[in-house]
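Structure first, then comments.
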Amino acid sequence: MNNTPALFGGERAKQTPYGVGEPRYGDDELRELQEALAQNTLFYAQGKKVKLLEAEFAEKYGVKHAVTCTSGTAAIHTALMALGISPGDEVIVSPITDMGTISPVLFQGAIPVFADLTPHGYTLDPDSVAERITPKTRAIIAVHLWGNTCDLDALQALCDRHGLALIEDAAQAFGATYKGCPVGTRGAVGCFSFNEFKHISCGDGGLVLTDDDALAEKLRLATDKGYNRRPDALVRQPTFLANNYRMTELQGAVARAQLRKLDGIVEKRRAWCNRLTAKLIGTPGITLPEATHGVDPSWWFYLLRVVPEALGTDADGLTKALAAEGVRAGAHYIGDPIYRYPIFTGKSAFAHAPHACDTVDWEAQRCPVAEQILETGVMIPVNEANTETDADEVAFAIKKIVAWYGKGGA
Ligand SMILES: *Cc1c(COP(=O)(O)O)cnc(C)c1O
């Protein structure tokens, strides 16, 4: 066995090409699309596909209502509108997430307040959330980052104590479970994304889950300009301001076929990551992702962290060495926490919330743990097509590099 990293002239650890798997969109999606077109309407209120998707999703998740929309961002915005989040309200969010979690808060004229994360689970730290609750706080958006799940019991307890709404952002965690319940079913609402990069996709699309009948009615209005299309509606005219976030029958058709594949996709990702963890456990110089207590993650990415003092190199060094081994990896995810994005430092984020510039102490919002996660994080992409050989070669590459640096590069 050759123990010299490829970066320093050794043999590449990745000897076999990555698994390719089945095409993502196949005969099932095509058949659904043909049926949708044959309806001679692509409008959700007239066709069957979106209605069926909503019914099947709600049934699968054991929740009363599923309301579709155009994206994960639209799902979050729809939830905020339906919950009545208004100018000046504060919404507690994760500093590491997709902008789709944050923009809707800003479009409501509300203020995103960033709380810190747990160092190895990468989800909201309930203690930090508690510290950042003020009399203006109205909601917490629990981002289930990278397929792990927030401590939902702790966040729900905070919501109960302070009269807040719990919004689950499950865009990266389709199929993850918290104490046996699928994520997206514990909060007042659970939001999902079907964009191209998520566990399942219809190009772009979104969905919101809720058990609350009144909220479901508002969610529906919030996706359709406020129009009430129910046959028995007494008032059809809009009762509140809303966008057009309607899913079309084409997206509904593809998403239906994809939903049928979800369990298989999640199972394969779980098995692959569990294999990787088993091989990497105890490796010095790095820390592995840790699922929140009671959680079975669905692994959107596998993020490990380097401990530079122990490893002898940093996240960039490890990523560069892995690339030389033929292993896919990327350092730092989004680079900076969201509050360091130009949109925040330049204050253009607050076009709809001008008061936020004066009332929020942005320095006090810093999240040191989140900053360290991004600084030291190395992301290993996870895909259902990955093979056991892929896991073994990735693990071997990491251990070889760690051992080399551990011996001072000898
Ligand atoms: C992808 C994503 C979104 C936004 O979804 P889109 O469909 O791209 O609008 C929101 N939150 C998180 C955590 C995401 O990963």
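For all residues, glycine too, the Cβ spot is worked out from N, Cα and C.
Annotations in TrEMBL come from automatic prediction, not curation.
Here's what TrEMBL has on this protein:
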- LYS198: active site, proton acceptor (ACT_SITE)
- LYS198: N6-(pyridoxal phosphate)lysine (MOD_RES)
- 1-24: region 'Disordered' (REGION)
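Note on the region 'Disordered' (1-24): DSSP counts are 3 helix, 0 strand, 21 coil. Take the CB of LYS198 (active site, proton acceptor) and look out to 10 A: across all protein chains shown you find 20 other CB atoms. According to DSSP, LYS198 (active site, proton acceptor) sits in a coil region rather than a helix or strand.
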